[in-house]
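To start, the structure itself, in structure tokens.
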């Protein structure tokens with residue numbers, strides 16, 4: 001009955017500000033709470049923070065007493081000095097905040113409030129966690145802490161003989177000293193003497209202290225209504241009760257702190273990592289992890305490793321490009337296209353029903369020369385190489401990731417990770433744990449979980465279908481509006497107006513379609529981002545890792561369709577289902593299907609990738625640098641922070657930009673989308689890895705500069721790996737083999753050329769005595785009788801090229817007058833068979849190599865496995881020995897006391 005009451009209460013409670021934290025049925029927590037809104041003024045039992053004025057030390061990281069370190073900062077606007085808000089609303093907000101701060105003090109945290117030196121409406125509440133609080137929550141959160149220094153020998157590098165060369169790329173160890181390694185174990189208060197505690201002030205580093213304080217802030221309540229609690233700092237920030245909540249940077253990024261006890265880690269990171277002059281240096285990953293936490297550290301470790309592996313792919317890609325560029329003059333079929341006696345004499349059929357004239361083949365001369373660069377044997381070699389490269393990258397990254405898990409103590413993170421506050425708030429159903437046979441609470445039943453998963457999957461599918469529908473709509477728009485523009489716009493040859501000369505129907509169609517597509521993509525992105533967050537919140541994942549993985553899969557599925565749909569259309573659909581001039585294929589019975597540009601669809605795909613990758617990279621890097629910089633400049637200007645007054649560290653950080661919880665998600669998404677371009681369509685653009693390499697070198701430093709100088713310090717978070725992005729990359733790697741094989745088979749002309757060279761250039765199908773490419777163009781262009789045009793196309797017969805009885809088109813069909821005229825000829829079936837055989841052979845070959853490499857390269861290296869086992873053994877031995885020592889000492893004391901008692905009882909009394 002009580003459980004039914006809880007459910008009703010949770011449903012009756014209005015949902016507000018539910019982005020982050022939720023409600024929870026009131027438990028047995030001895031905290032100060034606001035039971036109703038009726039008697040707010042009568043309550044005076046709140047514990048309030050200490051108050052202090054700014055002491056003039058702009059780099060201070062401590063309370064005014066100089067002893068207690070600032071672990072977190074809360075910022076609010078004093079309601080008593082507001083002028084526009086209603087008085088009743090101000091009172092409610094102030095009482096909620098007072099209750100929350102009182103509960104923080106009840107939980108053992110120390111608070112000190114200081115008013116802003118620039119804006120007297122702002123109040124900064126500095127939060128300090130004492131030793132006892134840190135120890136208590138370190139045990140609750142299962143945080144691993146040092147037991148003793150690690151005495152295992154590190155294996156020397158395989159490039160030890162090249163130290164003189166690699167030293168140039170290393171970070172100066174005199175500036176950033178290597179971190180001392182320790183054996184670690186989950187902290188326990190009753191075994192505190194077993195841990196390596198030399199100084200209580202430094203045993204918990206600033207990142208760990210901030211993480212513990214944030215854990216407390218996320219779970220402390222501030223209001224109860226109808227037996228339901230409201231809790232969490234995120235909810236208070238979202239509702240405007242607090243303006244911000246963040247940990248402090250330790251100093252200014254441009255100069256070190258005047259405080260000798262300050263480690264100046266932010267300054268060191270900027271100087272040796274984020275500064276543009278350090279672009280060639282290796283990243284100080286240990287310091288990044290120490291300052292920002294494992295989640296940020298693993299991102300930069302992955303990005304750096306990906307960039308390093310791209311170097312090999314870029315070298316091979318450039319070599320293949322140069323091979324095609326050098327041999328383009330030896331391209332026989334391109335010479336035939338450009339030859340006035342061959343390509344100049346071939347009249348091609350119109351490519352649309354209205355307004356498209358006959359045209360000579362040699363107008364495609366320049367595009368055919370460029371196509372020779374990319375559509376060469378080197379492209380085939382590069383496609384096979386990239387199929388193997390992506391497997392090597394993923395397998396070696398797993399090994400590197402396992403090393404970081406050991407070095408950063410995240411091997412058993414899944415056992416340490418705590419449930420999200422939102423999940424805990426909804427745990428109202430009681431079930432029996434199958435393992436422990438004890439009662440535990442879960443948020444919903446198995447049937448409820450199935451309902452939620454079904455609703456979420458349906459919503460995601462709807463949005464994916466929506467973006468596919470928008471792509472189809474753009475294609476139909478291109479097909480239909482071309483005729484309108486041709487009728488409205490004058491032909492380029494009949495006008496002297498420079499704008500009208502270049503604004504041809506083709507250009508107008510492309511520009512307007514691109515603008516409409518861009519607008520649709522932006523709108524759908526904005527809408528879907530909010531929908532994806534709502535869906536994931538509705539799913540209610542248990543841990544933060546589960547939440548991020550679920551959101552990642554939803555967002556990437558949408559972005560995959562959004563970014564790659566145009567490339568898939570050009571590569572596999574455009575120009576493939578067009579029929580022939582006498583029987584063209586129409587969309588919806590009205591719009592004639594698009595044909596490839598004169599240079600072929602492969603060159604168009606290459607152009608598309610070049611524009612997307614190059615433009616997207618340049619725009620994103622400019623946006624990432626300019627936007628936060630401009631926002632910070634404007635914020636400083638409007639808040640008058642540019643005055644000569646000294647401002648404290650917490651106020652300087654408050655005026656920086658906030659990097660939201662999805663900030664790192666978008667960094668990953670940008671790189672994974674790039675990874676898809678580099679692997680999925682690399683057969684059409686071998687320079688893609690080079691562009692990605694250049695972009696990533698800049699991306700690492702831009703992200704580092706942005707986080708170090710323009711953003712507030714993020715709450716450090718634990719992360720074992722890159723999460724759902726790992727299986728996403730594995731899926732892209734598998735799909736890339738198929739797409740590249742199909743691009744070579746169906747988009748390029750490599751297979752038809754090989755079939756002609758080996759079968760149709762010599763008898764019985766050819767007239768040449770030796771294998772040659774001569775005659776390839778004439779052999780691959782079919783003949784069409786203009787008298788067989790449909791009524792829609794007959795108006796094209798009058799053209800500047802004169803009257804023609806026949807024209808040519810790109811296909812393999814029998815000529816007019818043949819018993820099977822306009823049917824596919826034997827060349828076509830040879831080519832289809834060769835394409836299918838090529839796809840099967842290439843896929844099986846690459847997949848076999850991929851699986852062999854995956855099997856041969858273990859996910860965890862032998863040395864890392866040995867280190868993990870060695871650490872577990874020594875940790876258990878150390879804890880066991882210390883426990884035995886304590887027991888022996890205790891038994892010794894007991895035995896000594898018992899001996900004294902026995903001696904006293906047996907000793908004869910002296911009278």
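Glycine residues also receive a Cβ, built from the backbone N, Cα and C atoms like all the rest.
No curator has checked TrEMBL annotations; they are predicted automatically.
TrEMBL annotations:
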DOMAIN    62-285  domain 'Anoctamin dimerisation'
DOMAIN    288-871  domain 'Anoctamin transmembrane'
TRANSMEM  299-326  transmembrane segment
TRANSMEM  377-397  transmembrane segment
TRANSMEM  460-487  transmembrane segment
TRANSMEM  507-528  transmembrane segment
TRANSMEM  672-698  transmembrane segment
TRANSMEM  722-746  transmembrane segment
TRANSMEM  826-847  transmembrane segment
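Of the Cβ pairs linking the transmembrane segment (672-698) with the transmembrane segment (299-326) and spaced 6 or more residues apart, 3 or more are under 8 Å, so the two regions touch. Between the transmembrane segment (377-397) and the transmembrane segment (299-326), the number of CB pairs under 8 angstroms, six or more residues apart, is three or more, so the stretches are in contact. Long-range contacts of the transmembrane segment (299-326) within the same chain: residues 282-283, 285, 288, 372-379, 381-382, 385-386, 389, 392-393, 396-397, 400-401, 404, 664, 667-668, 671, 675, 678, 682, 686-690, 692-693, 696-697, 699-700, 703-704, 722, each at least 6 residues beyond the stretch ends and with a Cβ under 8 Å from a Cβ of the stretch. Residues 383-384, 387-388, 737-738, 741-742, 744-746, 751-752, 754-756, 759-760, 765, 779-780, 811-813 of the same chain lie 6+ residues outside the transmembrane segment (826-847) yet bring a C-beta within less than 8 angstroms of a C-beta in it. Within its own chain, the transmembrane segment (460-487) has Cβ neighbours under 8 Å at 352, 354-355, 505-506, 508-510, 512-513, 516-517, 520, 524, 528, 531-532, 535, 554, 557-558, 561-562, 565-566, 569, 587-588, 590-594, counting only residues six or more beyond its boundaries.
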